[in-house]
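In Swiss-Prot this protein carries:
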BINDING   Asp21, Asp23, Asp25, Thr27, Glu32  Ca(2+) 1 binding site
BINDING   Asp57, Asp59, Asn61, Thr63, Glu68  Ca(2+) 2 binding site
BINDING   Asp94, Asp96, Asn98, Glu105  Ca(2+) 3 binding site
BINDING   Asp130, Asp132, Asp134, Gln136, Glu141  Ca(2+) 4 binding site
DOMAIN    81-116  domain 'EF-hand 3'
DOMAIN    117-149  domain 'EF-hand 4'
MOD_RES   Ala2  N-acetylalanine
Amino acid sequence: MADQLTEEQIAEFKEAFSLFDKDGDGTITTKELGTVMRSLGQNPTEAELQDMINEVDADGNGTIDFPEFLSLMARKMKDTDTEEELIEAFKVFDRDGNGFISAAELRHVMTNLGEKLTDEEVDEMIREADVDGDGQINYEEFVKMMMAK
């Protein structure tokens, strides 16, 4: 599984892993797993974390070594951003179902997610993703934006 990762990704994961391996013993605790993954741009839910930990932590000792961590990250990266998930996410933002995400729709969803954004910040997000310059985000632009992270 981990053999599908680039050397660069492996180096990045090793660096992140080391940051959280406080005592340098080559393992991280399960609590730290969520923090490590979030630092790498992943966003696992509590349930996903528990599942991953259960899969990886075979002896139930509450720690994960680097090879286990690598296979975990490889698995997680393979699962992210499927076409289906992107379509579902787009529908969440496109509240009126017209095929476009407006500034108002973006602001509404971001507010519901607990992100308090100024009008300027919302406009900036739209501008960054709005390839054709029509002031809103269509599905293609949304996919590009999501895959660029």
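Each Cβ is built from the backbone N, Cα and C atoms, and glycine gets one as well.
Known features from Swiss-Prot, placed on the structure.
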residue : record                : Cβ contacts under 8 Å, 6 or more apart
Asp21   : Ca(2+) 1 binding site : Thr27, Ile28
Asp23   : Ca(2+) 1 binding site : none
Asp25   : Ca(2+) 1 binding site : none
Asn61   : Ca(2+) 2 binding site : none
Glu68   : Ca(2+) 2 binding site : Val56, Asp57
Asp94   : Ca(2+) 3 binding site : Phe100, Ile101, Glu105
Asn98   : Ca(2+) 3 binding site : none
Glu141  : Ca(2+) 4 binding site : Ala129, Asp130, Val131, Asp132
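The Ca(2+) 3 site is set by Asp94, Asp96, Asn98, Glu105; from the centre of their CB atoms, other residues of the chain with a CB within 8 Å are Phe93, Arg95, Gly97, Gly99, Phe100, Ile101, Ser102. Other residues of the same chain near the Ca(2+) 4 site, with their Cβ within 8 Å of the Cβ centroid of Asp130, Asp132, Asp134, Gln136, Glu141, are Phe100, Ile126, Ala129, Val131, Gly133, Gly135, Ile137, Asn138. The binding-site residues recorded for this entry are Glu32, Asp59, Thr63, Asp134, Gln136, and the Cα of Gln136 lies nearest to that of Asp96 (Ca(2+) 3 binding site). Other than Asp21, Asp23, Asp25, Thr27, Glu32, the residues of this chain whose Cβ falls within 8 Å of the Cβ centroid of the Ca(2+) 1 site are, in sequence order, Phe20, Lys22, Gly24, Gly26, Ile28, Thr29, Thr63. According to DSSP, Thr63 (Ca(2+) 2 binding site) sits within a strand segment. Sequence-distant contacts of Gln136 (Ca(2+) 4 binding site), defined as residues of its own chain at least six apart whose C-beta falls under 8 angstroms from its C-beta, comprise Phe100, Ile101, Ser102, Ala103, Ile126, Asp130. For Asp134 (Ca(2+) 4 binding site), the spatially nearest entry among the binding-site residues Glu32, Asp59, Thr63 is Glu32, judged by CA separation. DSSP assigns Thr27 (Ca(2+) 1 binding site) to a strand. A Cα-Cα distance of 9 Å separates Glu32 (Ca(2+) 1 binding site) from Thr63 (Ca(2+) 2 binding site). In this structure, Asp59 is the one among the binding-site residues Asp59, Asp132 with the smallest number of other Cβ atoms inside 10 Å of its Cβ. Within 10 Å of its Cβ, the residue among the binding-site residues Asp57, Asp130, Asp134 with the fewest other Cβ atoms is Asp134.
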